[in-house]
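Novice: Features from Swiss-Prot:
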BINDING   25, 26, 27, 28, 29, 30, 31, 32, 33, 48, 104, 105, 106, 167  ATP binding site
MOD_RES   44  N6-acetyllysine
MOD_RES   48  N6-acetyllysine
ACT_SITE  149  active site, proton acceptor
REGION    166-191  region 'T-loop'
MOD_RES   175  phosphoserine
MOD_RES   186  phosphothreonine
MOD_RES   347  phosphoserine
MOD_RES   350  phosphothreonine
MOD_RES   353  phosphoserine
MOD_RES   354  phosphothreonine
MOD_RES   357  phosphoserine
MOD_RES   362  phosphothreonine
MOD_RES   363  phosphothreonine
């Protein structure tokens, strides 16, 4: 039995025992992540264990998709997959071997950094963070890949200050609809607090704008230090979006009434757009406010894309983007969301106050919790 299961897995992969696990740095519905080092070279890596539970026949299709995408994407601002390793099936693991994805190690994730009050980003450093994030999105979108889980915890930063988009467990290739036949992608993606309005309304023929909405949420979070819209349900999330971005109507979003959920849900009416008004207490730079405003546009067709965002005046006005290495060199401990102390959930930007909550563990968001 062990031999049969073992042959299904990864017969040409090295044993994961070539790495020594040092610490657990991530945990979620989809697996565990460990910091580790190569026993011979000392190279630091991150090991992402692929959950094989409930996989009665072969390798999980979601993991295969993630591996295929990561093998395609090679860019400075995308996490690098080094190799795939395994443990052999044996009686000691119920005849189920494990598969590990091996990545270059990154010292921090953005959620962990923002959770630490001692970490201070200057305007120049925020510009560099967003420049690298949008550069990564530009690259994956040019390669016809959607990330589909943009959030601060999935943005890694090395000790040298290089940002890497990570966790492609929900990513997929996309294409334009053909012969007037719309795509039928699942809309049950993206962590709730970062999920764009089109997905909340049931859209299944979507594209890169879903990732740009997440980029806008993350950009605002660079100042507020916590997620700006923390809904408990999909309807609550839509209400928070309406409070910040204005009511969802055909006037501001042509053909939005085509969605079946547009009539079924009790959408908030009479709300004016107040992105800049609500955020100006935190974000003092007018160019930053303007870019956030353009990223958090309700209608995905009017939302700014990564190319235009990179050309926005925010990145080309003083102070210019600056390196993160100096700031990070003053923090010797790795910072990850998983390792951050739990914080009490406070109020949100939509109620004009910040909060220090980082973990959506009490909401139905846990269904989409991701690691690495």
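Any Cβ shown, glycine's included, is placed from N, Cα and C.
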Novice: Would you list the DSSP helix, strand and coil counts for the residues of the region 'T-loop' (166-191)?
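Specialist: Taking each residue of the region 'T-loop' (166-191) in turn, the totals are 0 helix, 4 strand, 22 coil.
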Novice: Pull out the recorded positions from the set 44, 149, 175, 186 whose C-alpha sits within 10 Å of the C-alpha of residue 31 (ATP binding site).
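Specialist: Final answer: none.
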Novice: Cα-Cα separation of residue 48 (N6-acetyllysine) and residue 33 (ATP binding site), in Å?
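Specialist: With distance taken Cα to Cα, residue 33 (ATP binding site) is 4 Å from residue 48 (N6-acetyllysine).
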Novice: Measure from the Cα of residue 33 (ATP binding site) to the Cα of every one of the recorded positions 44, 149, 175, 186, then give the nearest.
Specialist: 44
Novice: Please give me the CB contact count at 10 A for residue 175 (phosphoserine), counting all chains in the structure.
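Specialist: Residue 175 (phosphoserine) is surrounded by 8 other Cβ atoms within 10 Å.
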Novice: Only counting partners 6 or more residues apart, tell me which same-chain residues put their Cβ under 8 Å from the Cβ of residue 186 (phosphothreonine).
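Specialist: 204 - these are the non-local Cβ neighbours of residue 186 (phosphothreonine), listed in sequence order.
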Novice: Of 44, 149, 175, which is closest to residue 27 (ATP binding site) if I measure between C-alpha atoms? They're all recorded positions.
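Specialist: Result: the closest of the recorded positions to residue 27 (ATP binding site) is 149.
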Novice: Quick check for the class: what is the C-alpha distance, in angstrom and rounded, between residue 175 (phosphoserine) and residue 106 (ATP binding site)?
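Specialist: Checking the Cα atoms of residue 175 (phosphoserine) and residue 106 (ATP binding site) gives a distance of 31 Å.
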Novice: Where does residue 149 (active site, proton acceptor) sit by DSSP, helix, strand or coil?
Specialist: coil
Novice: Tally every other Cβ atom lying within 10 Å of the Cβ atom of residue 31 (ATP binding site).
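Specialist: Its Cβ shell of radius 10 Å holds 22 other Cβ atoms.
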Novice: Report the mean pLDDT of the predicted model across the region 'T-loop' (166-191), rounded to a whole number.
Specialist: 89
Novice: Looking only at 104, 149, which of these recorded positions has the biggest number of Cβ atoms within 10 Å around its Cβ?
Specialist: 149
Novice: To the nearest Å, how far is the Cα of residue 149 (active site, proton acceptor) from the Cα of residue 106 (ATP binding site)?
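Specialist: Spelling it out, the Cα of residue 149 (active site, proton acceptor) and the Cα of residue 106 (ATP binding site) are 19 Å apart.
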